[in-house]
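Visitor: Per Swiss-Prot, the feature transmembrane segment maps to 31-51, 55-75, 111-131, 140-160, 177-197, 202-222, 234-254.
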């Protein structure tokens with residue numbers, strides 16, 4: 001079990017870890033720890049906020065958190081976001097099969113396009129602004145749920161989705177995980193959802209979670225229509241999109257709740 005946790009930690013981060021054994025079977029089983037990895041990211045972000053909030057402004061702390069996340073995650077998710085947007089903004093020839101193959105080829109290209117660059121800039125700007133706002137209103141504890149949920153949201157995509165390629169990281173997971181893995185991985189997000197809803201009085205949080213689940217379903221259908229399946233890049237893009245949409249919805253919900 002510890003070995004699977006370390007595999008998940010190594011897969012989702014840039015930490016150079018060693019394991020007793022790593023193979024495709026163990027890698028697939030490690031996905032039950034994805035939400036917990038997100039939870040740990042939240043813990044460290046909260047720790048950093050508490051350390052620096054008496055020293056720096058919320059703007060500086062927001063930048064520190066972005067640097068921390070980039071240092072831990074590397075380009076794993078943002079690369080998927082940029083590749084996905086580059087492929088989506090390919091104009092196409094009108095020939096379905098040819099356009100499909102071209103989009104998949106664009107995602108494999110190491111050169112970033114204009115659409116991908118714009119997506120990255122918007123992602124960073126949104127994170128900076130929304131994280132700063134969370135710190136300003138002293139609601140940064142929600143990082144625990146946000147990062148946990150964004151890691152979990154790709155697991156249903158893996159379970160219900162089909163791979164767009166026969167090669168790549170996505171093939172290792174998509175369509176290959178079991179229902180019990182989905183159930184086990186859901187325990188921590190549900191616990192945090194109940195905790196923040198009841199103990200912190202975030203009564204709008206379940207609605208946000210349902211909305212994000214709906215968004216992930218829409219993304220799944222969209223990816224399958226445009227790419228005839230899901231790739232690892234799409235999973236990474238989904239994590240990024242989920243976190244941005246969550247921040248928007250949470251801040252909006254908090255403002256409306258306080259005004260009410």
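Glycine residues also receive a Cβ, built from the backbone N, Cα and C atoms like all the rest.
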Visitor: I'd like to know if the transmembrane segment (140-160) touches the transmembrane segment (31-51) in this structure, counting it as a touch only when three or more C-beta pairs sit under 8 Å and are separated by 6 or more positions.
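Guide: Result for the transmembrane segment (31-51) with the transmembrane segment (140-160) is yes.
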Visitor: Counting a contact as 3 or more Cβ pairs under 8 Å, with residues at least 6 apart in sequence, do the transmembrane segment (234-254) and the transmembrane segment (177-197) touch?
Guide: no
Visitor: What same-chain residues lie close to the transmembrane segment (111-131): Cβ under 8 Å, and 6 or more beyond its ends?
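Guide: For the transmembrane segment (111-131), the far contacts come to 59, 62-63, 65-66, 78, 81-86, 88-89, 140, 240, 243-244, 247-248, 251.
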